[in-house]
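Engineer: Annotations per TrEMBL:
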BINDING   32, 316, 323, 324, 325  FAD binding site
BINDING   103, 104, 105, 106, 147, 148, 159, 323  NADP(+) binding site
């Protein structure tokens with residue numbers, strides 16, 4: 001969650017109400033597949049719900065993506081949110097142009113954080129190291145690149161509106177990217193229509209006098225770049241850092257479901273920072289866990305894991321990395337209904353015994369979790385927080401709730 005979107009984090013209040021019930025136990029810092037197996041979990045409980053998300057990154061699969069200055073959006077977001085595992089990222093923001101690959105909400109979050117005035121960021125809960133780095137940043141132009149067109153962007157109208165109205169910035173769209181879009185609007189759903197109309201207005205309509213004055217005084221810019229796919233990340237003159245990115249120019253084949261096809265044209269965009277936001281993917285926890293490696297999900301029907309009685313799945317592990325928070329919530333409600341239906345039908349007949357983890361040295365209990373929550377609202381010095389959190393979650397890859 002972006003640090004300037006505190007309202008989204010209110011979900012923690014609902015989680016807290018549930019977690020404080022005496023029937024709910026919390027065991028953190030437990031790595032399923034290493035500290036405990038799936039088989040042990042299934043033997044200990046009537047039902048096991050897997051909801052550990054999508055922590056893997058989809059690689060670009062192009063030459064040069066290993067160069068310094070190329071980051072995954074997952075790690076970049078973890079850096080400015082203070083995730084201990086990303087604390088040492090220290091991205092170099094000394095360049096003028098940043099290219100973000102992908103046009104979903106995460107991509108726009110990253111673009112917005114890169115361009116937001118520091119005085120505004122100071123009012124958020126962004127980490128101090130990230131704030132200091134962004135204060136010294138020389139990035140003043142961000143290109144948000146996608147392989148298809150305006151009608152296929154994966155972001156929401158809220159995220160685009162925030163970019164359009166971001167103080168100190170101006171949009172720099174390519175008008176030709178919107179050819180034929182107006183005619184296609186009549187066949188799209190209302191949310192997509194509102195989003196596209198906002199982009200059309202931003203790209204094609206003359207701004208009001210007030211808006212023109214605002215844009216004229218802006219010293220930073222951003223833009224969508226449509227119909228582009230990465231071909232290669234090019235090094236700078238020293239050969240170690242990113243110096244540019246080579247993009248393929250695409251066209252859409254509508255009869256193939258708006259599939260992006262190469263035209264044979266290419267272009268090179270000079271830049272010093274490349275952030276890949278082309279998607280996340282779930283990873284299997286345990287060899288015993290049914291897993292579809294092509295789709296990167298646990299195969300299921302309405303949340304019931306295929307051929308595994310008592311095993312359920314929710315979130316992106318169930319559906320793949322798609323939709324917004326409300327989409328995932330509704331999908332998770334479906335999983336809960338499936339679980340309750342199985343409970344009512346008498347599917348579970350074996351007694352349950354639970355796990356004796358509360359005395360384990362590797363386990364973090366609810367009391368430890370509440371200490372973290374308290375520290376978040378009454379924080380000690382930043383250096384102490386990072387040191388404490390790092391020691392608490394050292395070697396922790398996946399938490400069990």
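Start at 1 and count along the chain as shown; that gives each residue its number.
Heads up, the Cβ atoms here are built off N, Cα and C, so glycines get one too.
Curation plays no part in TrEMBL annotations; they are all automatic predictions.
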Engineer: Ranking the binding-site residues 32, 106, 324, 325 by other Cβ atoms within 10 Å, which is at the bottom?
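Structural biologist: If we count Cβ atoms within 10 Å for the binding-site residues 32, 106, 324, 325, the smallest count is at 325.
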Engineer: When the Cα of residue 32 (FAD binding site) is compared with the Cα of each of the binding-site residues 103, 105, 147, 148, 159, which one is closest?
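Structural biologist: Of all the candidates listed, 105 is nearest in space.
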Engineer: Using all protein chains shown, find which of the binding-site residues 104, 323 scores highest when you count other CB atoms within 10 A of its CB.
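Structural biologist: The most densely surrounded of these binding-site residues is 104.
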Engineer: Can you check which residues sit near residue 105 (NADP(+) binding site), meaning Cβ under 8 Å from its Cβ, same chain, 6 or more apart in sequence, and list them in order?
Structural biologist: 154, 155, 156, 159, 324
Engineer: To the nearest whole angstrom, what is the C-alpha distance linking residue 103 (NADP(+) binding site) and residue 325 (FAD binding site)?
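Structural biologist: Just about 17 Å between their Cα atoms.
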Engineer: Other Cβ atoms within 10 Å is the metric here; tell me which of the binding-site residues 147, 148 scores highest.
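Structural biologist: In terms of Cβ crowding, the pick is 147.
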Engineer: For residue 316 (FAD binding site), what residues in its own chain, 6 or more apart in sequence, show a Cβ-Cβ distance under 8 Å?
Structural biologist: 53, 54, 280, 282, 297, 322, 328
